[in-house]
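Asker: Please find one structure pasted underneath; my questions will follow.
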Protein chains: 2
Amino acid sequence: MLKNLQNHINKNLAFLNESKILIAISGGIDSVVLTHLCHQLKLNIALAHCNFHLRGEESNGDEESVKQLAEQLGLEVFVQNFDTENYAKTNKQSIQIAARELRYNWFEDLANQLEFDYILTAHHVDDNLETFLINFTRGTGLEGLTGIPEVNTIFVRPLLPFSSEAIEHYAKVNTIAWRDDRSNASTKYVRNKLRHNLIPILKEINPSLLQSFQTTLSNLNDTTDLVKDSVDNLLSKAIVSQDDDKTVFKISEFKSLRNPKAYLFEVFKDYGFTEWNDVLNLLDAESGKQLFSATYRLIKNREHLLLSEINNETEENILISKEEKQIESPFGLLFFDEADAIFGKRTEVIYVDADTLEYPLILRKWEDGDFFHPLGMSGKKKISKYLKDEKLSLLDKEQVWVLCSNNAIVWVVNRRADNRFKVTENTKNILKITLQ
Amino acid sequence: MLKNLQNHINKNLAFLNESKILIAISGGIDSVVLTHLCHQLKLNIALAHCNFHLRGEESNGDEESVKQLAEQLGLEVFVQNFDTENYAKTNKQSIQIAARELRYNWFEDLANQLEFDYILTAHHVDDNLETFLINFTRGTGLEGLTGIPEVNTIFVRPLLPFSSEAIEHYAKVNTIAWRDDRSNASTKYVRNKLRHNLIPILKEINPSLLQSFQTTLSNLNDTTDLVKDSVDNLLSKAIVSQDDDKTVFKISEFKSLRNPKAYLFEVFKDYGFTEWNDVLNLLDAESGKQLFSATYRLIKNREHLLLSEINNETEENILISKEEKQIESPFGLLFFDEADAIFGKRTEVIYVDADTLEYPLILRKWEDGDFFHPLGMSGKKKISKYLKDEKLSLLDKEQVWVLCSNNAIVWVVNRRADNRFKVTENTKNILKITLQ
């Protein structure tokens, strides 16, 4: 196995030979054998062990055994203690998710701070097969059937082509000691069923199951590349604009496809959407129709779909006292300056009759029922009507703020001033309000 | 179930309501229930039963039960007897493959002759799951995981969304009689293992396994559409020319892809190739390098890949007597006419000094070592050298024929005449040879 791993690394993971490596070690057979193998291959390694304190003395025994192994092999070892149960409670997570989050965060911090290039984990092909089968039994798509990636950012899994049988064999032949690793407690039921009942049947049907499985994985990963090409090809045509706030997609490009739903899934799956028929129906929905995931919003706006993150900041009214000359607003800096005269006409600057204002001014989002007297027009107009006439998208509409004086709108910020506060020939003091 | 099937047909297979339908019936529970259901739904059906005579009296019992069912429901029934064992022996096939071939051929003939629009088979979701798992254990790709299609040419499988449990339930509630169907004898071992040992474990893990599986299938079929789009997109750029003999692909289009091998697989899988690394290496191989499947050949020719069917005709020399004025050759009609003079110069016509020829003339493919005296050149030239200088592809080279007189080449057909047989001022009789 040592020879095979060496060949595999030289052929596919040669960068490891020149890297500073951290091995994530639980004390279980897989990570212990990985450590021995890497040590034999004279890779530049150190060990990192998480003590999650989930199994009392056993957890401490694991930690102890890792420290002993480090001493035996003359390796540097980092150990971190976690109060996993509390962390899980605080974050309302399962113990497993919490442990995973703690573990990966700590590994990454450690790698960053101590300048490790890669973090190795000891996943093997049996892990991959179990994950495949778990995803399959739950119902999945191509993504759930392509296995754990061998290289993912700084995480590398060099044992992925090897079977647990080969790892066990190596441990026995080389009289390597390991600790029984029972950390996957919460998936234990399912994994045990797969490992002890189901996979043996598959192996009876095909004794070279693991090899066939590798072929399947390799084929499905090839297919993933073709899928990416199709999606890239679509996106290059469909994305009209993209900035921090939102991405705009041309609906016609989706509708001209052989299978629009399949593309909608690929394009929007990473934003938490799950109801793909609803997303599909959005293509033909009335303008203004919207869908929400936990974190994103998708709006139909005439010929386009607008994707934007849901802003979870609680936006409150901003009060502005007379003394304030400058405030920070969610949409930029606002300046309040005395002025001698009106210069030019720009939407981001208004001049008002300072004596018509009542403080504190209030800066808030517009609300249903708001109206104002647009500068230069006689009479009043509902803000909703005004914004509709300006052909704002639903999303843009929601980003509109108003500056109010005693409930009267002084300024639809950055868009239109109000007639009632304008500078007239009788004005004594001019206030210049600037958005920067 | 009747209601569900009706809904399913009306929603997805409405064309069945207006069609003349043949139900493929074995006498087993699935096809018997399908027949009852279609009869209840008042579809326009007839029955077709194959007696493969593989289980002696049991086979005849199946046939009898089908005939009784037809009588009971007042349906037309067609029965065909096959000597399956002999057919399998003659065609060197497994019994299973032979039965499948016989069955589908007969169904199609029957449908053609009697103008049935569709043939229904009784596959259900459990069949689909078993096929998925069989393919998975063997090692497969996306194609092996997308299930049996519900509609494929004239074959329709309306029970595909239903479980065998639902079918069995319907049979029991409606006291429908069926015959124990043991026809899948050769895959019995594997299917039984899956059905009785493996799938129950999967259902313990996820009681709604079949539903999840349908979701998986639907997702994977969506993915298939994306893959097709990628391949179509490539082919629209890569195919330079395509005719009955060969298809020419631009190699550079494959090499500019994210994953050339994945595309090579998709493009060439239907031509019997299996060694995808070899196909990949062909992109960078020397011009002239070729790969063979059982039925196709792929040749690298400078900047192109040439795909052509392997021609299994045994091509022999064609002898031409002096009396023959017209012969059929594999590449067209050849005319031998007396002529008075030489008109023009075209590659498909030559004029030779008739008295220099020795009969019978021989028409054959060129061979290594052949040489001729190209018309208008002094001295001789190897045919191989001549064809190379003409920059013919390997494939085109092999399609070159020569017309010989006593082993001397008179004409590289359709390309170049020989100096030794040309018409001179001393020529008395001119022979005009024309390729049409």
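Just so you know, glycine gets a Cβ as well, placed from its N, Cα and C.
Heads up, TrEMBL stuff is auto-annotated, nobody curated it.
In case it's useful when we look at the structure, here is the feature table from TrEMBL:
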type: BINDING; residues: B:Ser26, B:Gly27, B:Gly28, B:Ile29, B:Asp30, B:Ser31; note: ATP binding site
type: DOMAIN; residues: B:361-433; note: domain 'Lysidine-tRNA(Ile) synthetase C-terminal'
Asker: According to DSSP, which of helix, strand or coil covers B:Ser31 (ATP binding site)?
Answerer: helix
Asker: Averaged over the domain 'Lysidine-tRNA(Ile) synthetase C-terminal' (B:361-433), what pLDDT does the prediction give?
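Answerer: Within the domain 'Lysidine-tRNA(Ile) synthetase C-terminal' (B:361-433), the model's average pLDDT equals 88.
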Asker: If you run through the domain 'Lysidine-tRNA(Ile) synthetase C-terminal' (B:361-433) with DSSP, how many residues end up as helix, strand and coil?
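Answerer: Tallied per class, the domain 'Lysidine-tRNA(Ile) synthetase C-terminal' (B:361-433) gives 15 helix, 28 strand, 30 coil.
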Asker: B:Gly27, B:Ile29, B:Ser31: which of these binding-site residues has the sparsest Cβ neighbourhood within 10 Å?
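Answerer: Sparsest of the binding-site residues B:Gly27, B:Ile29, B:Ser31 by Cβ contacts within 10 Å: B:Ile29.
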Asker: Where among the binding-site residues B:Ser26, B:Gly28, B:Asp30 do you find the Cβ with the fewest other Cβ atoms within 10 Å?
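Answerer: Lowest Cβ count within 10 Å among the binding-site residues (B:Ser26, B:Gly28, B:Asp30) is B:Gly28.
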